[in-house]
Structure formats: structure tokens, C-alpha cells
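The following features are taken from Swiss-Prot:
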MOD_RES   A2  N-acetylalanine
MOTIF     24-27  motif 'Nuclear localization signal'
BINDING   K24, K25, P26, K27, L28, I113, S114, K115, K116  heparin binding site
Amino acid sequence: MAEGETTTFTALTEKFNLPLGNYKKPKLLYCSNGGYFLRILPDGTVDGTKDRSDQHIQLQLCAESIGEVYIKSTETGQFLAMDTDGLLYGSQTPNEECLFLERLEENHYNTYISKKHAEKHWFVGLKKNGRSKLGPRTHFGQKAILFLPLPVSSD
């Protein structure tokens, strides 16, 4: 092709057999900081554990709209939420504190920012000891805010 020429690509019209059912399966959110899995306990506590067999780490990510998700524990039915102080907790019902902006970063990890506090850039994060990190203490570039969605089964 000569310089200055333009080309167009033909549209792909074939159907792909993608396993769409897998998108609906629960995930584990593996934190880059310390190797913890995000966990929502029955009492509403949010922390991390290294125990992959813990039932409280199985999470369902439910899209509200493009880039906006609810994160729900399949075991407790509670939704991940962030209050006005930036504390993570489990909520019995979905509300504005439960909606997070999901973003795939260049390093292939996901970050989750509270939609309610998006202008403050408060991320979901776990400390090196597995405790949840307050939103105001998180910022872009920290390992504490990087999560890798993994399948529940290791096969």
C-alpha cells in the first residue's frame, strides 16, 4: 500500500462460540498486596484471607451499566459497600454505597473505585496484613488496590 492510501477492513460476520455462561460464574478477587482474597463475612466485616477454600471469598460481580458493578458475596448475600468515611463493609441491600467503577489497568489487574466517592478517588483496597484499607488512604499506584478476578475452581 502506498503512503497516504487508506484501507478498510471487512466486518467479521461469523459467530463465535464464546462460553458466555462463564461470565456469570462467581469469581475470587485476588489482591496483589500480600496475596489475599477479598472476603465479606456474615457480620459485614470486609477483609482478606489466603485460604482459597473459604466460602466467603466467592463473589458475584453484577454489572449495573458499562464499567459499573455490584460485588456480592455468594455465601452471605451481602454487597460490598463503602461508607462516607471510606470504610468497606457488607450491606444486606444494594444502595449507592455498593456501586463501584471497575477498570482494567495496563498491568491486567482490576481496580474498583466507589462511584459515590469517585471524585475523591477512593479505591477498594487490602493492606499487607489482610485488613481492608480506608478509601482516603488509597491512591492510584498502590498494590493494595490491584485485584485479579480468578475463577473459583482452580482447574
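Every residue gets a Cβ built from N, Cα and C, even glycine.
When pLDDT is averaged over the motif 'Nuclear localization signal' (24-27), the result is 89. The binding-site residues listed here are K24, K116; among them, K116 has the most other Cβ atoms within 10 Å of its own Cβ. Neighbour density for S114 (heparin binding site): within 10 A of its CB lie 25 other CB atoms from the protein chains shown. Cβ neighbours of L28 (heparin binding site) (same chain, under 8 Å, six or more residues apart in sequence): F37, L38, R52, I57, Q58, L59, P149, L150, P151, V152.
The Cβ of P26 (heparin binding site) has Q58, L59, Q60, T74, V152 as same-chain neighbours under 8 Å, each 6 or more residues away in sequence. DSSP assigns L28 (heparin binding site) to a strand in the three-state reduction. Taken residue by residue with DSSP, S114 (heparin binding site) is part of a strand.
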